[in-house]
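To start, the structure under review is shown below, and the notes come after it.
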Amino acid sequence: MNYDHILIRYGEMALKGKNIKQFIIKLQENIQQKIKHFEGVKVKRTQGRMFVLLNGNEPEPIIEKLKNVFGIHSLSIAIRVENTEEQIKEGALYALKREANAKTFKVTVKRISKDFPIPSQQMNQILGGHLLANTNDITVNVHEPDVEVRVEIRKEATYITSGTIRCRGGLPVGTSGKSLLLLSGGIDSPVAGFLAMKRGVQLEAIHFHSPPFTSERAKQKVLDLTQTLTKYGKSIKVHIVPFTKLQQEIFREMPNDYAMTIMRRMMFRISERICEQEEILSLTTGENLGQVASQTMQSMHTINEVTNYPIIRPLISMDKQEVIEVSQEIGTYETSIQPYEDCCTIFVPKSPKTKPKREKVNYYESHHDFTPTMEETINGIETVKITDKTVIDQSFKDLL
C-alpha cells in the first residue's frame, strides 16, 4: 500500500453557487498545465474535490507546483482504497504509521456516499479502536492531535489522508478576465500582479523602456520578474514600449512640476491602446495611496481622466513593509532591488505636483501635439511572451 493520490480542496470557489462548474473546470486546466511534464499524472474531479493520480511519480515535486496554483485551498497526499471496512482499516493504519513522530491522533470520517452501510460516527469508533489496538505508545486526542487521520468515503472509493498542506487559495487564474499590469521593475508592481492573479486575473504586462537612460539589463530585469510571476499563473505577454523620445518631449515641452503627471497620463493612454488590441478589460498598477507624488488621491484623480478602463490597485491600503514581505515570500524581491534605473526614476522633477489640477493639465496638453510621437512610440512596441521555462520573442503587429 502506498500514497497514490493527491487530494485537492477548494477554498472560496465552493461558495460560487450555480457557476462553480466554470471555476472548477478552469482550475483543472490550470493544474494540468502546471504538472503536464510529469509522465502519467492525471487530474480528475469529483463532487467537492479534485484528485491527482500520481501513477508512480513522487508526490513532493508535484506538490511544490500545486502549492502555487490559485484556487487550491489545501491538499493532502492520499491513499485510495476500496469501500470495505477491512480496506479502510488497513489504509488508516498505514497512514498513521507513516507519521513516525506522532504521539496522539484523532480519526475523522466523512461519509459522502450513503451507499456505504456504516454511519460516520460508528466508523470513527471502529477505526479509532483498530488504530489503538495495532500501534504502540500513541493515544487519542480529539482536541489537539499530533496527526488527524481523515477518511472520505465516496461513491467510487475511499480516500485516506494524514496531513494537510495549506496552499494559496484565491480564484483560478483566468476566471476574472484579463488585465494589463504596468510593470516598472520595482518592488510594488510585481506584488500587485501577484495579488491580481490571486483574484483570478490573467495578466499581460506593459513596460516603459527609455534607452539609453535605462539599460538592457533593466529590461531583462522586468522579463525576469515576469518569469517569476508565471509560477503562479499562465504565460504572460510583456509589451515593451520605447518611451525615450516621448518622455523627453514631455519633460521638454511641459512645465516641470506637471511633467510627471502628464507622463503618467501618456502611459495610461498607450496602455489603453494595447488593452483595445488585446481585448484586455482593465489596468493593474502598483500604486499605493500616499507613497509618492503620483500616488496621492488628487494625482490619481487627474491621471485617471484619460482612460475609461477600470484600474485595479491591489496595494492601495498596504504599507511598504507589508509589500516588501509579500515580494520576499513570492520570490520577486531580490530581482526588484537590482540597481537598474527605470523610466520613472529618470528625469525626476525637483518638486512634482502632489495635487495636480485636471484643468491645468488639460490646458498644458492642449498647447502641444504629442500625437505624432505617441503614434511612433506605439508602432515601435516590442512584445515577448514569457513562460515559466522560456522567453519567446514575437513582434507586436497591427496595433493601430
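Glycine residues also receive a Cβ, built from the backbone N, Cα and C atoms like all the rest.
When the candidates G170, G174, G286 are compared with the ATP site entry in Swiss-Prot, which names L182, L183, H207, F208, R264, Q295, the shared residue is G286.
For the binding-site residues L182, L183, counting C-beta atoms within 10 A of each C-beta gives the highest total at L183. The Cβ of H207 (ATP binding site) lies under 8 Å from the Cβ of L183, S184, G185, K219, V222, V238, H239, I240, V241, each of which sits 6+ residues away along the same chain. Under DSSP, residues within the domain 'THUMP' (60-164) fall into helix, strand and coil as 34 helix, 31 strand, 40 coil.
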